[in-house]
Amino acid sequence: MKGDAPVVLGEPKGYTAQKAGVKRGIAILDFILRLVGFIGTLSSAIMMATTNETLPFFTQFIRFRAEYNDLPTFTSAKNSRIILIIFDTGMLALLTAGSSAGAAIVYLAHRGNTKANWLAICQQFNSFCERISGSLIGSYVGVTVFIVLILLSASALARR
């Protein structure tokens, strides 16, 4: 065993603070891009809903007015509701699958599995287990929200 280097746990080989800074920068850029996308989409929807213009026709007493709801493409909700229900159902399926897989991991972290020789790690990593349990609660809140969205879209479609 002469010349063997000791094994150091925690940092992978070749890990530097510069790589950690790059990963953090990418995460910040990802968040900023999502925020810009959200703000851009919200402002676009507000601008579309508040757009109108009135122009005189022949005389100033006869006028034409144009609003966003004059065009049936912008106000037809039947086709868009069906598409929303389809996409929301797909997202519900993906979110439920992810939440279920997360629940299995959280269970193993809390209880372990003696037959597979997996030890419960929550006694040592208490903060980690609290965060993953909170994340699991948030994902099931998301599942509930998507169920409500699907029911609302279906009821709005049934009323038309």
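A Cβ is built for glycine as well, from the same backbone N, Cα and C atoms used for every other residue.
Unlike curated entries, TrEMBL annotations are predicted automatically.
According to TrEMBL, the features are:
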type	residues	note
DOMAIN	24-75	domain 'Casparian strip membrane protein'
TRANSMEM	31-50	transmembrane segment
DOMAIN	77-143	domain 'Casparian strip membrane protein'
TRANSMEM	82-109	transmembrane segment
TRANSMEM	137-158	transmembrane segment
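For the transmembrane segment (137-158), the list of distant contacts is 77-78, 81-82, 84-85, 88-89, 91-92, 95-96, 98-99, 102: same-chain residues at least six beyond its ends, Cβ to Cβ under 8 Å. Away from its own ends, the transmembrane segment (82-109) comes close to residues 118, 120-122, 125, 128-129, 132-133, 135-136, 139-140, 142-143, 146-147, 149-150, 153-154, 157 of its chain (Cβ-Cβ under 8 Å, at least six residues beyond either end).
Under DSSP, residues within the domain 'Casparian strip membrane protein' (77-143) fall into helix, strand and coil as 52 helix, 2 strand, 13 coil.
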